[in-house]
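Asker: Pasting in a structure now, in structure tokens, and then I'll have a few things to ask.
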């Protein structure tokens, strides 16, 4: 009897979900997922490689871009095993401790990416609004400090949050709505009071992604004000052109994240398929699209990538 109670109130495993209603097609569905993971891992790896090996890219803007690629790689590697395991082997079980570990990496890399996007917005603000002091403000030592701050800020608050999760009791269904462990999804399965968990989790999201998004918006208000004061239309176009890649990266990061948060908070009667699709978009679209955006829109990155491909062909 004690072991029965223990298995109910402190689950040994959770059960992940693939694509609800399409279980018989999981083998076929795995093909586009494999392609997306391959593009994300290869693309971000290529961005890192060209920034490291190309001396002309050893500048603050590209250092921040390399941080963005690192967070995207981390996000992909945190989930590739569980998602493809479901599609290929129907391996839906995940232990409670493994689930907590996966949440730490998923949410940690998410908060890190938000911080990196804020740092990149600051980089664009300095480059456009105060170009003469750009090199003196964004020195290598300060960029290294920013990198450490991004990691510490993205992970520190998660430790007490996940410890609070471990104190909960689970006596409902142990089936999660996603192909990976997501904090609000796990918390909903608890049969004990989760007000403290919800309040603390919301405060972390607001203090990280919420504050970052407001500061990014503020930086672009100041950038637009500065650019509009430029007399030459050609110079205005050039200044705005340097921000297009970053604005696109911000949009493809925050829109899926906000959509997933709204679905979890207000979409109690939303079909499970919607939860799953939005969760996968939130997870995969930013790592896939960021390398493509920066390779297409940033001339220096594009030239460096083409240089590597041409040298391999020759």
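Residue 1 is the first one shown; counting continues down the chain.
The backbone N, Cα and C atoms fix where each Cβ goes, glycine too.
Annotation source TrEMBL lists domain 'G-protein coupled receptors family 1 profile' at 43-294. What TrEMBL lists as transmembrane segment is 25-51, 63-89, 101-122, 143-165, 213-231, 243-267, 273-293.
Let's see these features in context: how buried, what's close, how far.
Answerer: Same-chain residues lying 6 or more positions outside the transmembrane segment (25-51) and placing a CB less than 8 Å from one of its CB atoms are 18-19, 57-58, 62-63, 65-66, 69-70, 72-73, 76-77, 80, 83-84, 86-88, 90, 280, 284, 287-288, 290-292, 294-295, 301, 304-305, 308.
Within its own chain, the transmembrane segment (63-89) has Cβ neighbours under 8 Å at 16-18, 26-27, 29-30, 33-34, 37, 40-41, 44-45, 47-48, 51-52, 102, 105-106, 108-110, 112-113, 116-117, 119-120, 123, 143, 146-147, 150, 179-181, 249, 280, 283-284, 286-287, 290-291, 294, 301, counting only residues six or more beyond its boundaries.
Within the chain carrying the transmembrane segment (143-165), a Cβ under 8 angstroms from the stretch's Cβ atoms is held by residues 60, 63-64, 67, 100, 103-104, 107-112, 114-116, 119, 183, 186-187, 196-197, 200-201, 204, 207-208, all 6 or more beyond its ends.
Within the same chain, residues 114, 117-118, 121-122, 124-125, 128-129, 239-240, 243, 247, 250, 254 sit at least 6 positions outside the transmembrane segment (213-231) and bring their C-beta atoms closer than 8 Å to a C-beta of that stretch.
Remote same-chain partners of the transmembrane segment (273-293), defined as residues 6 or more beyond its termini with a Cβ less than 8 Å from a stretch Cβ, comprise 17-21, 33, 36-37, 39-40, 43-44, 46-47, 68-69, 72-73, 75-76, 79, 83, 106, 113, 177-180, 182, 245, 248-249, 252-253, 256-257, 259-260, 263-264, 267.
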